[in-house]
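Q: Before I ask anything, here is the structure I am working with.
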Amino acid sequence: MCGGSFMSESQSELDKYGTNLTKTAATNKLDPVIGRDAEIRRVCQILSRRTKNNPVLIGSAGVGKTAIVEGLAQRIVAGDVPESLRNKEIVSLDLSALLAGASYRGEFEKRVKNLLEEIQKSKVIIFIDEVHTLMSAGAAEGAIAAGNMLKPLLARGELRLIGATTLDEYREHLEKDPALERRFQQVFVGEPNLEDCIAIMRGLKERYEAHHKVSISDTALVTAVELSSRYITGRQLPDKAIDLLDEAASSLRMEIDSSPVELDQLRREVDRLRLEELALKSENDPTSEQRLRSITNQLSGKQEMLNTLQASWNSERARLNQIGALKEQIDIAKQSADIAQREGRLEDASRLLYATIPQLQKNLAEKLEEQDSAPLVSDQVMPEDIASVVEGWTGIPVKKLMQKDAKQLLHLEEDLSKSVIAQKVAIGVIADAVRRSRAGLSDPNRPSGTFLFLGPTGVGKTQLVKALASLLYDGEIVRIDMSEYSEKFSISRLIGAPPGYIGHESAGQLTESVRRRPYSVVLFDEAEKAHPEVFDILLQVLDEGRLTDSHGRTVDFRNTIIVLTSNIGSRYLSDISLEATTAHEYVNDEVRRTFRPEFLNRLDEIVIFEPLSQSDICQIVDLNIESLNKRIKDRRIVVTVSEDLRRWLSKSGYDVIYGARPLRRLIQREIEDRLAKLIIEGLIHDGQTASFDLSGGAVNAQVCS
């Protein structure tokens with residue numbers, strides 16, 4: 001009587017504070033576990049020991065530690081375990097449920113003590129996820145932590161416990177208590193390679209198809225693994241690949257459940273025409289009557305198209321729902337067949353395997369054949385869907401090149417030349433690097449391009465970087481002004497202050513910017529003004545495309561273009577007595593004296609910008625006037641400049657040493673200041689034109705309607 005009563009109470013206590021994984025596995029509610037044979041075998045070996053039979057799974061978050069325990073539960077159900085583990089049960093203990101409501105001193109300890117006694121009697125294997133929480137669970141003032149209560153049982157082998165934790169948590173909590181640590185046997189769980197991860201994804205495919213009621217192509221599985229491995233940093237396989245697949249399937253299911261874009265647009269058009277028809281019916285003039293007849297005819301045609309499209313969509317959606325229901329039925333039938341085989345109900349298993357499932361598969365094949373040649377919505381997850389999710393997560397455009405994107409890349413030099421004048425060599429180098437990256441030919445372990453731009457001030461070095469960011473990177477530019485890093489101690493601002501220093505909690509300016517925007521242009525402006533040791537930090541970035549910040553996080557630079565600008569040797573380029581080849585040699589010599597060889601050797605290209613000529617300045621005048629017109633576009637005011645004034649501006653604003661910046665100041669003083677006075681005095685109004693001309697050596701403004 002006592003034994004029967006105790007087991008009943010024990011079962012209720014275990015149910016209260018835990019989840020029976022073997023029972024869940026017996027009903028096929030756990031996802032299939034593919035691979036991890038070595039880790040599961042090692043766990044079985046440790047559990048079969050006489051003492052210290054407590055494995056602890058240690059690995060990064062997302063590598064599949066919990067899945068290994070679920071795989072062991074499935075093997076116990078299937079009988080594929082050593083004799084010592086046959087008919088055992090694995091119970092996942094919920095420490096939060098054990099702690100909840102234990103408000104009085106000693107209540108938590110009593111719960112733990114009763115639970116441990118019941119576990120010893122029932123001979124179950126306990127699994128605790130985040131096992132490091134044992135160290136602090138219940139450790140209030142005057143109380144005993146759960147970890148200390150477990151130590152004697154763990155040492156004697158009277159309690160079998162499987163733990164799971166991360167490397168950092170293990171080091172921080174368990175290693176600090178050697179008495180508890182030595183009672184566990186470590187099982188390291190590493191990240192699976194790409195081939196193993198693809199096998200895992202294929203094993204999960206049917207479950208996700210049944211849940212989302214869509215089909216998943218094999219290429220989508222492979223794409224999910226490859227893209228997550230390359231573009232999603234800070235997380236581990238297979239977790240991040242599974243998340244990609246899950247979200248892509250969820251997005252597709254949402255599209256199926258809502259109206260297609262074509263149908264939605266047509267419905268809105270019909271609603272607009274109906275409103276216009278109602279408004280015109282109250283008018284009696286001939287024009288309105290004629291317009292009403294036209295609207296009525298349009299509405300009739302659009303309504304007929306809408307009805308046809310709606311009927312087609314209803315039919316297609318019904319077919320998709322039937323396909324989803326059939327897949328779900330097949331999945332349930334397969335699970336039922338597995339359960340029947342394990343329980344020895346061979347007649348039921350035979351009926352399911354050789355009658356029910358083949359019939360369902362036949363019905364599914366028939367429904368799939370009914371698919372329209374041009375469906376409104378696809379029910380299959382394709383690589384493009386996976387790429388869309390990656391783009392949404394990271395901002396990196398990993399979709400296959402669209403026609404317009406390819407056209408833009410082919411004409412990138414022309415587009416950049418509209419913003420940067422007379423620097424064809426530099427523009428060509430940058431454009432080639434971008435095309436290599438977008439075509440997938442660049443080294444996947446290095447940044448898309450690393451350049452050092454040299455030349456006099458005001459020739460367009462920074463402007464070229466801004467133009468590239470505006471065209472291809474949606475304006476995403478990470479700008480680091482190196483003049484702010486002239487002191488040695490300021491280096492820590494790039495990656496964050498080290499532990500123990502003020503500002504350690506704050507992120508580094510460089511690492512945090514790239515971590516948040518991994519697809520961007522990184523500009524190190526005025527590089528020669530920084531402390532020499534700053535460039536030691538950049539060596540790893542230029543060579544391996546990664547950098548570790550002060551918090552130990554690895555930041556990925558592989559999708560960035562890195563540009564450093566400098567004025568080193570600009571005096572040689574501005575010296576008109578030197579030939580271009582000689583000037584370039586002098587500049588390169590000075591660069592080699594300023595920067596270390598290991599730094600220069602990691603750059604893709606050192607680009608020298610040429611000084612601007614008088615004709616180049618004329619084109620820059622046009623660019624500045626165009627920029628001014630864009631700024632006042634909202635007022636509908638237009639600024640025009642006569643040819644005489646244009647030539648005068650280019651001549652007066654030209655300086656071979658200072659480049660185009662004196663011209664900008666001249667235009668600001670002679671044109672923008674005069675225009676500002678006209679606007680404030682009310683002499684020019686919206687929609688008018690301000691014409692600027694040169695008369696008697698002075699600039700005059702005239703307002704035209």
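The backbone N, Cα and C atoms fix where each Cβ goes, glycine too.
Since this is a predicted model, take the numbers as computed values, not measurements.
For Gly59, Ser60, Ala61, Gly62, Val63, Gly64, Lys65, Thr66, the entry in Swiss-Prot reads ATP 1 binding site, with the evidence type similarity to another entry. As annotated by Swiss-Prot, ATP 2 binding site applies to Gly455, Pro456, Thr457, Gly458, Val459, Gly460, Lys461, Thr462. The coiled coil annotation in Swiss-Prot covers 242-373. Taken from Swiss-Prot, the feature region 'NBD1' applies to 14-191, supported by similarity to another entry. Under the heading region 'NBD2', Swiss-Prot lists 405-611.
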Q: Report, in whole Å, the straight Cα-to-Cα distance of Pro456 (ATP 2 binding site) from Gly64 (ATP 1 binding site).
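A: With the alpha carbons as reference points, the distance is 56 Å.
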Q: Go through Ala61, Val63, Val459, the listed binding-site residues, and name the one with the sparsest Cβ surroundings, counting other Cβ atoms within 10 Å.
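A: With the binding-site residues Ala61, Val63, Val459, fewest surrounding Cβ atoms within 10 Å: Ala61.
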Q: Between the Cα atoms of Thr462 (ATP 2 binding site) and Ala61 (ATP 1 binding site), find the distance and write it as a whole number of Å.
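A: Rounded to the nearest whole number, the Cα-Cα distance is 41 Å.
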Q: Judged by the number of other CB atoms within 10 angstroms, which among Gly455, Gly458 is the least packed of the binding-site residues?
A: Gly458
Q: Using DSSP and collapsing to three states, where does Ser60 (ATP 1 binding site) fall: helix, strand or coil?
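A: DSSP call for Ser60 (ATP 1 binding site): coil, neither helix nor strand.
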Q: Counting every protein chain present, what is the number of Cβ atoms, excluding its own, within 10 Å of the Cβ of Gly460 (ATP 2 binding site)?
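A: Result for Gly460 (ATP 2 binding site): 26 other Cβ atoms within 10 Å.
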Q: Lys65, Lys461: which of these binding-site residues has the sparsest Cβ neighbourhood within 10 Å?
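A: Comparing Cβ neighbours within 10 Å for the binding-site residues Lys65, Lys461, Lys65 has the fewest.
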Q: Per DSSP, to which secondary structure element type does Thr66 (ATP 1 binding site) belong, with helix, strand and coil as the options?
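A: In the DSSP reduction, Thr66 (ATP 1 binding site) maps to helix.
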Q: Would you mind listing, in sequence order, the residues at least six apart from Thr457 (ATP 2 binding site) in the same chain with a Cβ closer than 8 Å to its Cβ?
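A: Within the chain, Thr457 (ATP 2 binding site) has Cβ neighbours under 8 Å at Asn567, Ser570, Ile657, Tyr658, Gly659, Arg661.
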Q: Given the binding-site residues Gly59, Gly64, which one's Cβ is surrounded by the fewest other Cβ atoms within 10 Å?
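A: Ranked by other Cβ atoms within 10 Å, the binding-site residues Gly59, Gly64 bottom out at Gly59.
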Q: Roughly how many angstrom lie between the C-alpha atoms of Ser60 (ATP 1 binding site) and Lys461 (ATP 2 binding site)?
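A: Given the Cα positions, Ser60 (ATP 1 binding site) is 43 Å from Lys461 (ATP 2 binding site).
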Q: Name, in the order they occur in the sequence, the residues of the same chain whose CB lies under 8 A from the CB of Thr66 (ATP 1 binding site) and which sit 6 or more residues away.
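A: For Thr66 (ATP 1 binding site), the qualifying residues are Asp129, Ala164.
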Q: Within 8 Å of the Cβ centroid of the ATP 2 site residues Gly455, Pro456, Thr457, Gly458, Val459, Gly460, Lys461, Thr462, which other residues of the same chain have their Cβ?
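A: So the additional residues around the site are Gln463, Thr565, Asn567, Phe609, Gly659, Ala660.
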Q: If you count CB neighbours within 10 Å, which one among the binding-site residues Ser60, Thr462 has the smallest count?
A: Ser60
